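Chemist: Structure provided below as structure tokens; questions to follow.
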Amino acid sequence: MADHEQEQEPLSIAIIGGGIIGLMTALGLLHRNIGKVTIYERASAWPDIGAAFAFTGIARECMQRLDPAILSALSKVAQRNPHDKVRYWDGFHPKSKEEAQDPEKSVLFEIEEKNMAYWACLRGVFHAEMARLLPERVVRFGKRLVAYEDGGDQKVVLRFEDGEVEEADIVIACDGVHSTARRVLLGAEHPAANARYSRKAVYRALVPMPAAIDALGTEKAHVQIAHCGPDAHIVSFPVNNAQIYNVFLFTHDSNEWTHGHTMTVPSSKEEILSAVENWGPHIKELASLFPEQLSKYAIFDQADHPLPYYAAGRVALAGDAAHASSPFHGAGACMGVEDALVLAELLEKVQNGSAFKEKKSNIELALKTYSDVRIERSQWLVKSSREMGDLYEWRYEDIGGDGVKCKAEWERRSRVIWDFDVQGMVDQAREAYERAVVKV
């Protein structure tokens, strides 16, 4: 093939994992007409995930830059907090539901909601909206990655569990907390190859709004709130246009996790009630709304062993594969959105600015730049998020259940998330890449 023809050959980009960040990354690349994008999803079809989560204003700005259609999809399904504050309530000491609903008696601290500006949604509903935006034949289901090889001048070779072998110029692994790509990239024996149990677990329930109102009161049930107490805390908010109330009950676990990489084990309402048996009556009533049989979800993260880098050669990790985080900042997925934006911006520069013979080295430079730009902020989040879990559960040294101290610590840490310059991040990535290319 002649050189001028080779220059027109599009990059082939494999995205491993079709979760929220995998889809966003794909849509960001497709929006920029970057190469031929293929998502390899291990499931046989899109899973119906009922869990809820939320995105900050910073994350939504990144979505808009990735592809405005992503933000439109979120807007269709998101629940906004109608109040200007998020309150953190004492779930432990109130002796009556009336006392528990009295802000003067039971609010530990409150935060201006405008700073984080969360939009909450059901994960599966938002995922379905984004999936509709994908062109046909972009997704291949039933493709569980088992290994890859990245060497020489050839493309990256991907090996799947079904025996199929594929090739790509670039691999972006969004394959989650227990990432196969991470283990290959770092080596199976590397301390950071596997996420570790954070000693926190969570139980989830979607309860009818009338029952939530009975337990918490009308005002509390219609906004995002948290209840704090010893060794546990509850985060709850309305979803699905306030028809359903989403409840997460988090607990501290002093035991090791004995189920390997299995993150979900059967549990029961009895375990929930035991965790809050000495709490206020409103919390016990809310806990009683959980189903009799439910699941206990272990929270794994990379706080004990952060990754030394997020990219090697022509393979990059993004989202939980790079920086698996506990959910206590409410910003783990938001960090993945930032990852996707930086990757899209840098790969656009590779495609538009590289001759064919330079593309391999420039791909590697772009992915290294991505890693360098994203690693400090995202790893700070992983560490701080685990510590925030202890803060909510009155385990943080010298603070305990002191609402004034809790608020000061919350604001100090959370400001790092919301006081962030997205354009500055993009400019930093572009400029660092351009400097790297010049040096070659």
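Cβ from N, Cα, C; glycine included.
Take a look at what Swiss-Prot says about it:
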BINDING   E41, L145, D320  FAD binding site
CARBOHYD  N352  N-linked glycosylation site
TRANSMEM  10-30  transmembrane segment
Chemist: Looking only at C-alpha atoms, tell me how far N352 (N-linked glycosylation site) is from E41 (FAD binding site), rounded to the nearest Å.
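Modeler: It is 28 Å, counting Cα to Cα.
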Chemist: CB neighbours of E41 (FAD binding site) within 10 A?
Modeler: 23
Chemist: Far apart in sequence but close in space: which same-chain residues, 6 or more away, have a Cβ under 8 Å from D320 (FAD binding site)?
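Modeler: Within the chain, D320 (FAD binding site) has Cβ neighbours under 8 Å at I21, C174, G176, V177, S179, A195, G332, G336.
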Chemist: So what sits near L145 (FAD binding site) in its own chain, CB-to-CB under 8 Å and at least six residues off in sequence?
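Modeler: Counting only residues 6 or more apart in sequence, the Cβ neighbours of L145 (FAD binding site) under 8 Å are I16, Y40, R42, L158, R159, F160, E161, A173, D175, T180, A181.
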